[in-house]
C-alpha cells in the first residue's frame, strides 16, 4: 500500500478506518489468524518507515499507525511480533519531530506522534529481552530530548510524561531481580538524570510523578546514579513531595529516597540533614498502604546502626503508628512495620503496647513477617523492664509453643528465650542481694 492510498483511507474514511482497526485490535486474539495479525503489524511498521514528513496528512496517518501498535503492545503476547517486524527502529524514528520548514508554520499533531512512540516503546520495554535492542536503536537520546520539551509549556506535558515512563520501563529490573547495568550507564552518558530532577518541579502532577518514578528506578542499586541525583539537588524537592496530598506523588517520592538511602550511609546522612525524617514518619498514617509500607521500610533503614537516629525516630512519634500497622490487613505493611520496629529495638515499643501484636504475628504464615516479628521481640527482650510484660501477656509460652517456618527464625526465638531467662535470673540475683 503506497503512502497516497494510506492517506486516502485515513483522511477520507477515517471513521470507518478507525472502526475497522479497533475491531481488529479487539478480536485479533479470537477471530483472526496469526498470519493476519503479523501482516497487520508489518503494514503499520511499513507506514512508519516510509512516512516521515511535516505534512498534516502524513502526520495523521503516522499517529494512527502508532496508536494501532500501542493498542496491540498492551497484549504482551503480541509484543514479540511487533519487535520482530521492525517496530523498534520505526518507533524510535518518530521520537523526533520532523524538520519544520518555517518556525512560524503550523505544526500538526505537535508532540502527539512523539508521545505515541514513547508510550509504545515503553510497553515494548516491559520485556527485559527488548530493552537493550531499544537502547541500541538510539532511543535514549531522543527520550531525554523529549524530557526537555517542558519549555513548550502545558501542551508538552503528555509527551514528557510518556518519555519519563519509557525511561522507567527501560531501566527496570525483571521479575527475578536482574537489571541491565549497561542501560544504567547510558543514562549517565546521555545526561538523562539532570532533566528528570528538573521535572520534579514541573507544574503538572502527572509529570512530577513520572519523573520521580524514573529517578526511583535509576537510583536502584546504582551508586553513580544515586550520587548524581543528590548532586543535582533533588533532595529538597523530594522532601517537599513527601508532604504532598497527592498519594501518587508522595508514594514515588518516598520510593526515590528509599532507593537513595539503601546501602549508602553517606547519602542517608544527607537525607536526614535535609529534613526527611518527620515527613516520612507522617506517611505512616497515609491512606495509601504502599506509602505506609515504603515509609516503614525507610525508617528501618534510617534506624539501622544509628542509635541517635533511633531516639529521634521515637521522639518524633513513629512508634505508635508502627504498632498500629502491625494489625494492617496488608501483609507487606505488617512485614515492613515489624522490620522497622526490629531496628528500633526496645525504644518505646513495649510502653506503646507493641509486644502483644508482635507475639500475634508469630502465627503468621508469611515467613518474612514471622521472622521480623521474632527479631523485634529479640530486641525487646534485651531490656529487663520488658520481661514482666512478656510474662504477663503469655509471651514466654507463645515463644515456646510456636511453629516457625525458617531455621533462622527458630534460632532467633531460642536466643530470645535464653535472653529472657537471663534477665529473670539477673532480677532474682539483684533482689537476693538487697
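First residue shown is number 1, and so on along the chain.
Including glycine, each Cβ sits where the backbone N, Cα and C put it.
What TrEMBL says about a protein is an automatic prediction, not a curated fact.
Keep in mind it's a predicted model, so treat the numbers as computed, not measured.
Residue ranges 1-22, 23-44 are listed, and TrEMBL annotates 1-22 among them as region 'Disordered'. Residues 319, 322-323, 326-327, 331, 334-335, 338-339, 341-342, 344-346, 402, 404-406, 408-409, 412-413, 415-416, 419-420, 423-424, 426-427 of the same chain lie 6 or more positions beyond the ends of the repeat 'ARM' (353-395) yet place their CB under 8 Å from a CB of it. Residues of the repeat 'ARM' (353-395) grouped by DSSP class, helix first, strand second and coil last, total 33 helix, 0 strand, 10 coil. Broken down with DSSP, the repeat 'ARM' (191-229) shows 28 helix, 0 strand, 11 coil. The DSSP breakdown of the repeat 'ARM' (138-175), given as helix, strand and coil counts, is 33 helix, 0 strand, 5 coil.
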